[in-house]
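J.: Sequence annotations record features per position, and here TrEMBL assigns substrate binding site to 81, 112, 113, 114, 115, 116, 144, 256. The site 'Important for catalysis' annotation in TrEMBL covers 81.
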Ligand SMILES: CC(C)(COP(=O)(O)OP(=O)(O)OC[C@H]1O[C@@H](n2cnc3c(N)ncnc32)[C@H](O)[C@@H]1OP(=O)(O)O)[C@@H](O)C(=O)NCCC(=O)NCCSC(=O)CCC(=O)c1ccccc1C(=O)O
């Protein structure tokens, strides 16, 4: 897919140095549907292939949300995430490409990062967050889980107790807390968010791309076996999400009522 065809995201190469990928579905709080995921994968491939690009910035439009994960309304209405290029929902491939693209990926978190949106920033190499940004997982409330990188790799980042706290209590954490936990690298005022990400990209652009490529692969190698767990988990999730228990979570969200999971205990 060519960048001119994108409807859910924007892709721009700035200063002949870095790519900026902007999720832009503000009417659904920058949640992703199947098409959004296809476009994100395509954008990362463009950034991978483009020799001008030293680093990739992943951000989103507006100040309210970075990404709120899967489009829960779409899921409640249709049981899935809508049409895709190949007929498959490629979120796992998106996770892989963020890790595999041999250039540092910087998440610039401009608002809430929750659910699958939180997982996206966790998988990025670096995270800079606006002061008002918040962080949370939500799966067990809306009938979902990320039992792969989204939980196991998160535990690498913040430690087992914090990762379990994030997934079992589903609270929202402010940017200062996220920085204290090592979940984000730096917190800046909202009006400095993109400039900080750009400055990091510029700095990265002055370093040896081959050295950076090997370093990224080296960091990944140590946790790559978690990809096998992700594989199992996403196949399990696909079955779970369309079943009664999974759908209770999505429907409850769309109907603005608390979910009732008691019959599934
Ligand atoms: C983000 C909130 C905390 C914001 O709360 P608040 O500020 O009070 O605003 P709201 O009034 O709730 O929301 C405003 C407006 O936006 C709509 N909206 C918000 N989030 C979404 C969303 N994710 N999808 C669609 N629409 C959304 C909301 O309905 C409101 O619309 P109105 O028309 O104005 O009423 C809060 O909104 C919130 O908690 N949102 C849900 C976050 C969430 O749970 N996300 C999904 C998690 S699951 C996931 O991301 C993984 C999916 C996945 O990878 C997968 C893969 C393979 C198979 C299956 C799956 C799977 O489905 O799990």
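Glycine is treated like the rest: Cβ placed from N, Cα and C.
Whatever TrEMBL says is automated annotation, not expert-curated.
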J.: Compile a sequence-ordered list of residues in the same chain as residue 115 (substrate binding site), six or more apart from it, whose Cβ lies below 8 A from its Cβ; state 'none' when nothing qualifies.
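T.: For residue 115 (substrate binding site), the qualifying residues are 68, 69, 70, 136, 137, 138, 139, 142, 144.
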J.: Mind running the binding-site residues 113, 114, 115, 256 against ligand 1 and keeping the ones whose CB falls under 6 Å of it?
T.: 114, 115
J.: Non-local Cβ contacts of residue 116 (substrate binding site) (under 8 Å, 6 or more apart, same chain)?
T.: 32, 67, 69, 70, 91, 144, 146, 150
J.: Long-range neighbours only, meaning 6 or more apart in sequence with Cβ under 8 Å: which ones does residue 112 (substrate binding site) have?
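T.: 29, 64, 65, 66, 68, 133, 134, 135, 136, 172 - these are the non-local Cβ neighbours of residue 112 (substrate binding site), listed in sequence order.
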J.: What residues, ordered by sequence, lie under 8 A Cβ-to-Cβ from residue 113 (substrate binding site) and sit at least six positions away in the same chain?
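T.: Within the chain, residue 113 (substrate binding site) has Cβ neighbours under 8 Å at 65, 66, 67, 107, 120, 121, 133, 134, 135, 136.
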J.: Translate the DSSP assignment of residue 114 (substrate binding site) into the three-state scheme.
T.: strand
J.: Here the binding-site residues are 81, 114, 144, 256; which one has the lowest number of other Cβ atoms no more than 10 Å from its Cβ?
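T.: Taking 81, 114, 144, 256 as the binding-site residues, the minimal 10 Å Cβ count falls on 256.
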